[in-house]
């Protein structure tokens, strides 16, 4: 339930990696396609269909423009999870009789890892690359992992939990030289950081609508035409979307995604400046008032709308309860129901105790200075209170190594 405090609406939304609010301009663009412009974009015999088809094609062009692609290379899906599945399984099924090896990274989104595990059960060999303590892959390890059987490398652009940006250009160069397809889940980076599919030699890229102030239930997959990339569809039917994804297209949602992409294209610089300023303000204020706070992931090679912080000596779940006026997460929204420490943090080598204390704060287009000020004040007072109550924090301050303690069992 929302409450108001000095013009602040509580709780304050700081979970922009899980989803983003719909930009009012996106809502406005979508509305006519729910009401008067309701035609099926595949109906070729009357103006209702033509009108819807024109809207779909305009959106396709706006999405392509944002990543330096051609409109025909954009295939509409229900979201990034479907796009990731279509890219990975689609390549494996189409090229599987020639090659049988895929490379991905231990810190990928769960849907990429699960799609790969599914293929492993079908006999595909999968290599899961480790990440360095800063969250970024080692390019030499990638190079050495590629064999003559490798058909696909899948590495995300921006990590959903820690916000680090992987070196896409360098990865793309390696893949192109070795004749391997390169897929990237760009859902967290699309419209937020500059990504050019040609500069980065990306062959397939997964996009989500609700991560860029667009609607939920819509996404896209970029599939390169030159040199041509072939995939086997997951869904068969009327042959829409160049035969790669059958089904009637949801015109209102597509218009929403196209509008969101167009806004991002025009306002990325402004959004980046805003987010970077609030990131620096938030982090500097927290660090100046609380000790032993750790930023997870590389400080520079990252999207600054994502701050994953570990607060030594307090449990992440108790922090979330203490700061309930802030809508935050202790990891990916897809796995935050589990109390296991984040697999992304563990794969970076973050100590299990510290991984349990991590909170992901999201900053976005609609975050205000006033909200950041309130958040900092609340976090600092609650962390200090929780640490005062924590015998573990007291022991840490006395220099006791918690790992060496033998706890009695009752």
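Each Cβ is built from the backbone N, Cα and C atoms, and glycine gets one as well.
Binding of pyridoxal 5'-phosphate is attributed by Swiss-Prot to 80, 81, 188, 208, 209, 210, 248, and within the candidate set 54, 160, 276, 287 the record adds 160 to that site. A 10 Å cutoff on Cβ-Cβ distances gives residue 188 (pyridoxal 5'-phosphate binding site) a total of 26 other Cβ atoms nearby, all chains included.
In sequence order, 111, 219 make up the list of same-chain residues 6 or more apart from residue 81 (pyridoxal 5'-phosphate binding site) whose Cβ falls under 8 Å from its Cβ. The separation of residue 211 (N6-(pyridoxal phosphate)lysine) from residue 80 (pyridoxal 5'-phosphate binding site), Cα to Cα, is 10 Å. Annotation note: residue 80 (pyridoxal 5'-phosphate binding site) sits in a helical segment as assigned by DSSP. Taken over all pairs of the listed pyridoxal 5'-phosphate-binding residues (80, 81, 160, 188, 208, 209, 210, 248), the Cα spread reaches a maximum of 30 Å, rounded to the nearest whole number. Following the DSSP three-state reduction, the secondary structure of residue 210 (pyridoxal 5'-phosphate binding site) is coil.
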